[in-house]
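Annotated features, as they stand in TrEMBL:
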DOMAIN    22-470  domain 'Major facilitator superfamily (MFS) profile'
TRANSMEM  21-44  transmembrane segment
TRANSMEM  56-76  transmembrane segment
TRANSMEM  88-107  transmembrane segment
TRANSMEM  113-137  transmembrane segment
TRANSMEM  149-169  transmembrane segment
TRANSMEM  212-231  transmembrane segment
TRANSMEM  237-258  transmembrane segment
TRANSMEM  279-301  transmembrane segment
TRANSMEM  313-332  transmembrane segment
TRANSMEM  344-367  transmembrane segment
TRANSMEM  373-391  transmembrane segment
TRANSMEM  412-435  transmembrane segment
Amino acid sequence: MTASVTASAHTAATGGQHRGLALTVLLIPAALTLLSVTSVNVALPSIRAALGASAVQQSLVLTTYALAFAIVLLFAGRLGDQYGHKKVYLAGVAIFTLASTWCGLAADPGQLVAARVLAGIGGGLAMTPVTALIQLLYKGPERARPFGIMGAVFGASSAAGPILAGLLLHSGGDFGWRLTFLVNVPFGLLAGLFALKALPSAAPAGVRGNDPVGLLLFTAGLIGTILPFSLGQGITALSLAVLAAGVVLFVLFARWELRREQRGEFAVVPLRLFRQRALPIGVVTTFLGFAGFTASFLMLALMWQDALGHDGLSAGLLVLPFALGSVASAVFTQRLTRRFGTKVVTAGLTLIAAGLAVVGLLVLVVAPENQTILVMLVPLLVTGAGVGLFVGPNTNASFAQTEGRDAGVASALVTAAQRAGTAVGIGILSAIYAAADITSLTTQAVAAFMTAAFAGLAALVMVVTRRSSLGASGHR
């Protein structure tokens, strides 16, 4: 597809539409799908008590959502490229809203697990078109603002989940855990209704073809990568075998796609995307960055409650500075990105690493009786600010060289990196806790340093690849 055709399609897609309203509509499922992870973490003890869920069933409430979400990502991306991202978005929001209602009304653990599978499918279908449509609605340097806002939404909603869950559990009594699911319903309905008018009904990007083998290999590889870290049982021989199988499947996927491309056949993931610097580097930094900052929420909750003896509501309030820092930094991302390009991403990752490392140091040097939210205020503000500078600009830079016809599949790859990174970070954290005393301050400090190391490694990738030489528009 030529640049002129892409520009023409963009004009047709956005003509007469209010992009601000469209962006708001798109970011609603982005927030809800993250809240459905972090809030449920806090609600699990209440779910266990109310429904009599076993330890395995508790784990399934989390893992089935993540796996179902991952399974549909590439399918959703290519479906949107072929038939329109608005249709995929509407289907995803409808399924997610229906599933959230079912979760809130579940009568037993089996029903809840089944509803979470459906919620994961809906979440994956709804989330993939979000970044794809932002790519099509905004071009070049103007993408910095919407992706910056998206970064703030990611950081704020991740941090808001524990706070919201704590408040609902505190005020809702025995019904509180159900409210953590039912709160999604009105927002899902509003998103669907406004999307009918606000989102562009763009013509398909002209992508036609099927690659079921490639889709199956990618999906199986992604499951193999996520599953070993999602069961909460640490690192075992079985988990390592599944992880190795996932890696092998990804290798087979790459070989299959290369063979199809050489024969001139349709490839579900065009390898031309990986011949450009922007997307592959973005996938790697997304994976590492999300492994660090999303795992930090579990670390902070367990550190605050199990090691320091505070209650769940206090643990929720602990991450409020994180949310404030994320939102505050988003105000400056567009201006900073225009001036410094993807050096902003490197700076954001560095702030995340520094903030979490300081949290680890404070756990070691400050006496437990003196540990208050005020003590953690500055490092968590810094960490949140780093997330705001990382998520949006990194997503923007990842798509800098992507053509409109590949918007869906590129979005699916970045979203898959987010989910896989989250699973790996939390999985390694769980392994640390399984191997040591969770109430030990030393254990919690090691956990904090681990989350910081992931962000630091992502910053190192940025420096080594010199991706910061790319400007905001993706040109050298």
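Using the three backbone atoms N, Cα and C, a Cβ is placed for every residue, glycine included.
Unlike curated records, TrEMBL annotations are generated automatically.
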Item checked: Closest-packing stretch to the transmembrane segment (149-169), where packing means Cβ pairs under 8 Å, from 21-44, 237-258, 313-332 -> 21-44
Note to self: Can you see whether the transmembrane segment (113-137) and the transmembrane segment (21-44) are touching - at least 3 CB pairs under 8 angstroms, only pairs 6 or more apart in sequence?
What the structure shows: yes
Item checked: Positions whose Cβ lies under 8 angstroms from the transmembrane segment (237-258), at least six residues beyond its ends -> 211, 213-214, 217-218, 220-225, 227-229, 231, 267-271
Note to self: So, taking each listed stretch (56-76, 212-231, 313-332, 412-435) in turn and counting its Cβ pairs to the transmembrane segment (373-391) that are under 8 angstroms, which one gives the highest count?
What the structure shows: 313-332
Margin query: Checking distant contacts: for the transmembrane segment (212-231), what same-chain residues at least six beyond its ends satisfy Cβ-Cβ under 8 A?
Written below: 59, 62-63, 66-67, 70-71, 73-75, 78, 238-240, 242-243, 245-247, 249-250, 252-253, 256-257, 260, 267-269, 416, 419-420, 423-424, 426-428, 430
Item checked: Dominant neighbour of the transmembrane segment (344-367) in 88-107, 279-301, 313-332, by Cβ pairs under 8 Å -> 279-301
Item checked: Stretch contact, the transmembrane segment (412-435) with the transmembrane segment (279-301), Cβ-Cβ under 8 Å, 3+ pairs -> yes
Item checked: Recorded stretches the transmembrane segment (88-107) and the transmembrane segment (313-332) touching, at least 3 CB pairs under 8 Å -> no
Checklist line | pLDDT averaged over the residues of the domain 'Major facilitator superfamily (MFS) profile' (22-470) | finding: 87
